[in-house]
Amino acid sequence: MAVTKRAGRRAQGGTQPAKGAQGVKKATFESGKKREVGVSDLTLLSKVSEEAINENLKKRFENGTIYTYIGHVLISVNPFRDLGIYTDAVLESYKGKNRLEVPPHVFSIAESMYYNMKSYSENQCVIISGESGAGKTEASKRIMQYIASASGGSSSNIQKIKDMVLATNPLLEAFGCAKTLRNDNSSRHGKYLEIQFNNQAEPVGANITNYLLEKGRVVGQIRNERNFHIFYQFAKAASENYRSTFGIQPPEAYTYTSASGCTSVNGINDEAEFKETLAAMNLIGLTQAEQDNLFKLLAAILWIGNMSFVEDKDGNAAIADVSVPNFVAYLLEVDAESVVKAVTQRIMETSRGGRRGSVYEVALNIAQATSVRDALAKGIYNNLFDWIVERVNQSLRAPQDAARTIGILDIYGFEIFESNSFEQICINYVNEKLQQIFIQLTLKTEQDEYVREQIAWTPINYFNNKIVCDLIEEKRPPGIFAALNDACATAHADPNAADENFIQRMSMVGQNPHFEQRQRKFVIKHYAGDVTYDVKGITDKNKDQLLKDILILLQKSGNPFLVSLFPDPVNTDNRRRPPTASDKIKKSANDLVTTLSAAQPSYIRTIKPNQNRSPTEYDEKAVLHQVKYLGLQENVRIRRAGFAYRQTFEKFVERFMLLSGKTSYAGDYIWQGSAYDATLCILRDAGIPQTEYQMGTTKVFIKTPETLFALEHMRDMWWHNMAARIQRAWRRYLAYKTECAIKIQRFWRLKRGLDGLKEIQFRDSGHKLLGGRKERRTYSLIGYRRFQGDYLGCNNGSGFGDFLMKQIGVTDKVFFSCRGQLQQSRLGRSSVRVPRTFILTKNNFYVVAQQIHQKQLVVTNEYTIPVRNITHMSMSNLRDDWFCLNQASSPYGDQLMWCVFKTELAVQLRVVKPGVDIRIGPQIDYFKKQGKKASVKFQKTTTLQTKFDMYKSGSVQVPPGAPPNSVSKETPRGRAKGSRGGAPSRPAARGNAAHTPTPGAAALGYQQHQPGSAQPASPRARKAPPPAPNSRGNGHAESAQPQAYNNLQPHYQSLVNPRSGQGQQQQQHHQAYQQPTAAQPAATSYSPAPAKAAPPPPPPAPPAAPAAPAEPTYKALYDYVANGLNQLSISAGEQVLISVKEDQGWWLAKRMDGSEEGWTPAAYLEEVQGGAAAPPPAAPTAGGASAGASLAEALKQKQQSNQTLGAGIADAIKARTGRPADDDDDDW
């Protein structure tokens, strides 16, 4: 994982500030963002009224925004145009988002259903309601589009199921939709599509339930409407084979497609849609033989409609053109004479006392013959449509039981025409049932649940349409359907008599306030408005049965496909009344209610803005009427006063137990109390205010959706954090293994005398490169110094160095990488040194900046210096660490940089560019910007209080260093194993123990204390405890860590996110490393028992001199203004306390009253003489004697450490740790 650090103030000045360096983005004018019009959720209206709702919908419609919420209910206004809001890009933007993160959209409803199905293992459904032409079918198609895209699974079978589900749309639209006066693609049947999913939330099947096809449309339509789409598609785009075989003509040639005077529609391309229909048939799996039979029967229906009648001499019906029934007989594969007889005659049977009587053949008049002809066409099409639905289900059937389902209801909308008959009663009855479900689940059930759960609640009045549903479907008292069935049973032979009987029976339902009788018409006051129905022909439509003569004719067909459409054998002796159309629609509606009630519903309420299908017209009066009958105002009020989410205690705990450490551990449920108490515990531990929830008797109620989304987000992040924790542990383990292997390899090379030969050669080439022209630092000359090059591990393939390379997009091999500093100019102020990372590859030298942006570490490539542009590298002749890579030309000028490994950088630069010149002199000349030359002079001084160089106003003060002709010391050799002076070896470190710092770590020693870096105060080194009495001069081997490593620790702490577990663990890790341990006795484990008793311990040393005050007082010589959050501003003459002194020129100071603390430049301070007197020394104790002995031993070891180092790499490191801080006056 990436290493992060605390965010500090923005770095001041600089020629190229890193993008996103602040937590707050720069304010910009969002010209491309679409302006919000109105409110996106009607619950946010300042005034709740039907007029205010209508006005808000109008504003959004005119702005091209068609979707609005009422809580979780979506309001959709039909735009009658393509708004471009259903593209793949828009769809992708809604994946994984809750409804508050994105604008209202049908995709958001689909995402919510799919997420709830996966998360709560509950079946989902969406109920789309509204009047005809409001956009219900389009909404259902878009939900299917989203679910097919968002659902998981990439196997061929799952993808095939998705494609087949989408293919049901064009197929069922062709056979079940038609052009009406109000809608060019009106659904003339109801469809409930259930998409079935497995346990992985992948679609594995589907099932379609069909409701009440309007088969009367096959034989007649009102003016300017059309038959079902498939007839026009087939008549216009049939293949030549079908035209010659089935006698297909243009739609104008058929009575059933041309009588209404509309065969073409603007915006509908019948030829192109016929191709889509054929493609859908092929995709679903209809064979060519099945398609041929299907189109053969469609041709038969068209030709049946062309059979016309004339009166014979007896006034009965006779066929006008005999060739038409002959061709119909050819298509139906029956005898032509049988066809003529079936449509012109009827077999009547008399009975006496329950016994069969005489059989008569009764001739039909023209009206009766036309009715029989139309019944034949309607029966064939109705059964053909049912076969298509069943065949689609057969292809979509899941191979195994589905775990969960998502249901999509697309059903005809509420209809009010000038002339309304039985079809409109059935359609409006189904819409009443859907409205009843909506009221039951969103209004009544919700308020009843509040009362049952004892939740504080103010009841809200609403209209319950159950009284209207009872008016239509009830048996006692009898409703309209019951009266219809009684009329059909009483006067079944004469349709006119049956209609009269029905008028008389309607007097029994006249008591209902929502019913009015008007002569041969009646009015039902529906929730959507008053509708007047015509009684004429209503009982005949309710019978919904084919004459037995027709059934016998069809079952004698030589076409097995046609026979299979009418599988029930004709029982001529059965006297029982078959189910009527009202019985079927009532049963279907109740089954639909049962299915929908078993799932968690979502709602889409569609609104039709005008009756002219205009994309710009908004009929306020018509929309206001829809707002009223849809009950949107009551819905808004209940939503504002209610709760967004409710769940039983058990299911809530099962879902969110991970949010509390008291209820779960490692994903297991550990709570021992009740589910009620566990729910309270989870809500408290998650930080949910008590005002955001109420506890019922069996359920918890969450008031706002924001609270629920917050709980869900915290639950998702729990899994993310657990995965990150496992990844960190694994990476720590791999890093530890690698480090152990490296230590073993290094030790083995050391024993064989091969340790760092290549690095030593590089180091020695550095001496030759300088050529005695530059003073050296002490640490540059020690025997253990190696030129490693890639100190950050950029070539390792993992770790922080690899992370840097990926962030700046560099893949080349790295020759040199190290941390350093950059001298950054500031307008009107002194320049400042800012920490940077330097990376050298074969082609470029990179200056990389790291900053905190929105609590995330942001790495940017600040400067790229091409190696080919570098003319020479400039350095001073003193022991400082400044250098400059001078370029032939650069728009940003040359950069003055500081790096402790500048000699090694020069060597590596010579490797990648052999001809580069290394210029060493008393000053560094460079170009601050293009055409502006500058120089920095270097002066040696012995009065500098800091141990590093100091830059000020173009001049650098440098302490004296080693002579220029100095070379590295020899690598120390290990002692013999039996040496008395050797330190006892320590046991190997465990996996979590601290690791020995590498030489590259010293490069971090200076930069973290500079202005602009965001590090905490540098921890003080702890005093070593006294050694054990039996230890023999081993105090130096067990002392504290070297100063360079102590300087390194604040940098690591500043890069680690303090909120993460990793940061805390890293801090503990370094503290554990700093804590010195007492030396262990060497007698029992490593040497035999002495022959004589051990000599008594030496007498305790005299008390040490009084220590200096813990926090000496200093006075400020100049004003200093802080440049970072970790710095302290001081005024000239102000006195401060110094708690930590660092070698790099920065001291940790705090106000005299302790109110503020921060880093301040040491050069600005002067110690105040005669500070507070030190407290008297404590009386010597045994512990004090041990401490004195330990100090004496440490001083003795200091004298010996320059002569002999410990055996092996471990002893060498121990020897380094034994040096007091006063000797660490130099870095590498």
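Cβ atoms here come from the backbone N, Cα and C positions, even for glycine.
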- Ranges in play 29-88, 509-568, 1169-1228, with Swiss-Prot marking region 'Disordered' at 1169-1228
- Message: If I go by Swiss-Prot, the feature region 'Disordered' sits on one of 1-27, 757-783, 811-837, 919-945. Which?
- Response: 1-27
- Message: As a test: from 37-716, 720-740, 776-962, pick the stretch that has the greatest number of Cβ pairs under 8 Å with the domain 'SH3' (1109-1170).
- Response: 776-962
- What other residues of the same chain, not counting G130, E131, S132, G133, A134, G135, K136, T137, have a CB atom within 8 A of the CB centroid of the ATP site? N78, N183, G413, T606, K608
- Message: Measuring Cα to Cα, how far is G133 (ATP binding site) from S358 (phosphoserine) in Å?
- Response: 53
- S132, T137, S358: which of these recorded positions has the sparsest Cβ neighbourhood within 10 Å? S358
- Model confidence over the domain 'IQ 2' (741-768), as mean pLDDT, sits at 81
- Message: Measuring Cα to Cα, how far is T137 (ATP binding site) from S358 (phosphoserine) in Å?
- Response: 53
- Query: Tally of helix, strand and coil residues over the region 'Actin-binding' (405-487) according to DSSP?
  - Reply: 47 helix, 8 strand, 28 coil
- Under 8 Å by Cβ from K136 (ATP binding site), same chain, sequence gap 6 or more: I128, S129, G130, S187, D410, I411, G413, I604, T606
- Task: Tell me the Cβ neighbour count for G135 (ATP binding site), meaning other Cβ atoms within 10 Å of its Cβ, over all protein chains shown.
- Result: 24
- Message: If I restrict to non-local contacts, at least six residues apart, and a C-beta distance under 8 angstroms, what lies near A134 (ATP binding site) in its own chain?
- Response: S76, N78, G413, T606, I607, K608, Q626
- Expressed to the nearest Å, what is the distance separating S132 (ATP binding site) and S358 (phosphoserine) at their Cα atoms? 50
